[in-house]
Ligand SMILES: Cc1ncc(COP(=O)(O)O)c(C=O)c1O
């Protein structure tokens, strides 16, 4: 999409005045003197999240065990609230576990290898936890990782080649697990195309939506994947380690969950505590143990904002803000050795900008000391996420000014290039 921006501060301020979502900045805890650009890693706390958490603590104080009377269905309740974000049916989504435990749960359910079809197809750019889970399930089933895990290599180390991925869907592949948006290059995968190709070949397909949900519009009624997983602490602002999401296509409600537990038992008989598992035949049947209510209450607050604004608007504003950042990088930063490693077209990029520089690690350190919170990914990437709900155009403008200053004044040279444990 063609946009016309100008590269001065007055223009940034004008864009803020025109930004329909600008008022939502007040809904979040923005810190004075700080520009938060890391919502792709951990979203900011919202006032609504804190209100819901405090209300839940009050319930615990007043109701004790009686709070479970309705909260045993909290995973379903939040799943329903979240389903519009991916245009799924309300009972196809449950809030439970972590992304990683949900991958294990989905693989334990859907990976049913036979002599002919026993491979899991993955890419080599996904966040590593997905790969660790895939390797562990094939090992548990008695296969060699080198044989049963088929890796479709990226041709350039930055983007997935979708056509090559489809060609790798051979007759020995049982299941494909792919990211929806790549965590480094922000590539937005054509999930519909890949799901169609997988299904035409009799292959189960699942997606990791961690970097997509809350940033891009997703239409699972059209895509029809078999399963999907995601975290809720990035664009969904659920808080540190907030409970994750799991989508199970309704066609599979009859499948017995691979990792059953009593919270996946039919609601009507769960508290009869029978020794035989009776599967609740919707996504909530994939829960295992007691829900982490406090790690979900924050999410309830945050989801109310998403309900109010809707993903269409959030995606439109996110695209504008990321496009503005890319424009400013082009205008003001390329001659300092910066480039960006994401695609330019709206249809193939997610919610963050992948800024590259050979000194990225030390520049990220300098940014933090200058009041800009980015994150760094090896070897040369600074991820910057202008968040639709709480990043202003003026802040984006200032971030670019600071990035220029760090090179002009060479103040990144003060920092060590030796990596710390958490970046
Ligand atoms: C694509 C992707 N999957 C999974 C995770 C993390 O998994 P979990 O939520 O279980 O910690 C991340 C974390 O950034 C991620 O980017």
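Each Cβ is built from the backbone N, Cα and C atoms, and glycine gets one as well.
Database features (TrEMBL):
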type	residues	note
BINDING	99, 100, 127, 128, 129, 130, 208, 211, 233, 262	pyridoxal 5'-phosphate binding site
MOD_RES	234	N6-(pyridoxal phosphate)lysine
Please identify which of 99, 129 has the densest Cβ environment, defined as other Cβ atoms within 10 Å, among these binding-site residues.
99
Could you work out which of the binding-site residues (127, 233) has its C-beta surrounded by the smallest number of other C-beta atoms within 10 A?
127
Of 127, 129, 208, 233, the binding-site residues listed, which put a C-beta under 6 Å from ligand 1? Please answer none if none do.
127, 129, 208
Collapsed DSSP category at residue 99 (pyridoxal 5'-phosphate binding site):
helix
Can you tell me the CA-to-CA distance separating residue 127 (pyridoxal 5'-phosphate binding site) and the residue listed as 'N6-(pyridoxal phosphate)lysine', as a whole number of Å?
14
How big is the gap, in Å, between the Cα of residue 99 (pyridoxal 5'-phosphate binding site) and that of the residue listed as 'N6-(pyridoxal phosphate)lysine', rounded to a whole number?
12
Provide the number of Cβ atoms within 10 Å of the Cβ of residue 234 (N6-(pyridoxal phosphate)lysine), excluding the reference atom itself.
27
Greatest CA-CA distance (Å) over the residues 99, 100, 127, 128, 129, 130, 208, 211, 233, 262 that the record ties to pyridoxal 5'-phosphate?
30
Pairwise CA distance, residue 129 (pyridoxal 5'-phosphate binding site) versus the residue listed as 'N6-(pyridoxal phosphate)lysine', rounded so that it is a whole Å:
16
On the three-state reduction of DSSP, what should I expect for residue 234 (N6-(pyridoxal phosphate)lysine)?
coil
